[in-house]
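Read through the structure below, which is laid out as structure tokens, and then see the notes.
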Amino acid sequence: KMTSAVGLVLWLQHWHWYPMMHMLSLALTPTFTIGLNKDFKYPKSFEIQCNAKPSQFAYPKRLEEKKKEEKKRVETVALSTTAKNKARLARKKAKEEAAEGGGDDMEVEKKEEEAKKDGDEGKEGKKEGEGEGMDVDGGGGDDKKEGGGEKKKKKKREPEPTSFRLSNPCRITKAQADFCSFDLGQRYRPIRPEETPFGVVMVTDSTPEEGEDGDLGVVKEPSLDGEDEADPPEPFEWAPPGHPEAVAAAAEEEEGKSEEKEEEEREWEE
């Protein structure tokens, strides 16, 4: 858009001349649409028909941060075969120690009994693990059944409507205005129905005898008592370059600068 580019270029010069700040409005396109009556109040029941899908001109969705899934640590299960191997190695070691050191038979018997106990505990752990596994498998089957029931209960995704209505006031972009139209069958109707529904729309009441019944809203006036409002600049006169007044002002500034330099030189000499 040429007007947007020109508006931004002129706005960048507001540092040198503050009235250029208003040129920023050329680069902006308003999307606020409101219907007002003769008293500048907006009727809440006034609506505008948009003949497009709601998702076509909807606000973009916010970006959602992906949640990091923490991996759960799985505990290792000791198998019965490892318990048997440990018991066998313990018995073999006890016999070797008895044969080499000539130890007591009682100590050898105790070590063999401990090895047997370890093997029995490994078998019992395996049985318990199998029982738990059966319980888990059974629970999984129930979950699958429940999941299947939930899938059946889910409704089919309804198709997106091809049109919708906008309340008063509302947001209508310039591209969306081509798909919008007035509904002349409602109570409040636009004075110029042939115009595109965009910006400020003046409406008239087709049935004033029915009364308002709190249907009218009031637009709040902006407060002029701003705490952080900057002070306005001091009044000044500006002349374009080359103008006689601008040339005279530039000459006066140069004379003033030369006088200041002379005074500084005198001070240094003294």
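Each residue, glycine too, has its Cβ placed from N, Cα and C.
Unlike curated entries, TrEMBL annotations are predicted automatically.
What TrEMBL records for this protein:
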{"type": "COMPBIAS", "residues": "108-130", "note": "compositional bias 'Basic and acidic residues'"}
{"type": "COMPBIAS", "residues": "141-150", "note": "compositional bias 'Basic and acidic residues'"}
{"type": "COMPBIAS", "residues": "224-234", "note": "compositional bias 'Acidic residues'"}
{"type": "COMPBIAS", "residues": "251-270", "note": "compositional bias 'Acidic residues'"}
{"type": "DOMAIN", "residues": "31-212", "note": "domain '26S proteasome regulatory subunit RPN2 C-terminal'"}
{"type": "REGION", "residues": "84-172", "note": "region 'Disordered'"}
{"type": "REGION", "residues": "204-270", "note": "region 'Disordered'"}
- Note on the structure: For the compositional bias 'Acidic residues' (251-270), the DSSP helix/strand/coil residue counts are 19 helix, 0 strand, 1 coil
- Message: Averaged over the domain '26S proteasome regulatory subunit RPN2 C-terminal' (31-212), what pLDDT does the predicted model reach?
- Response: 74
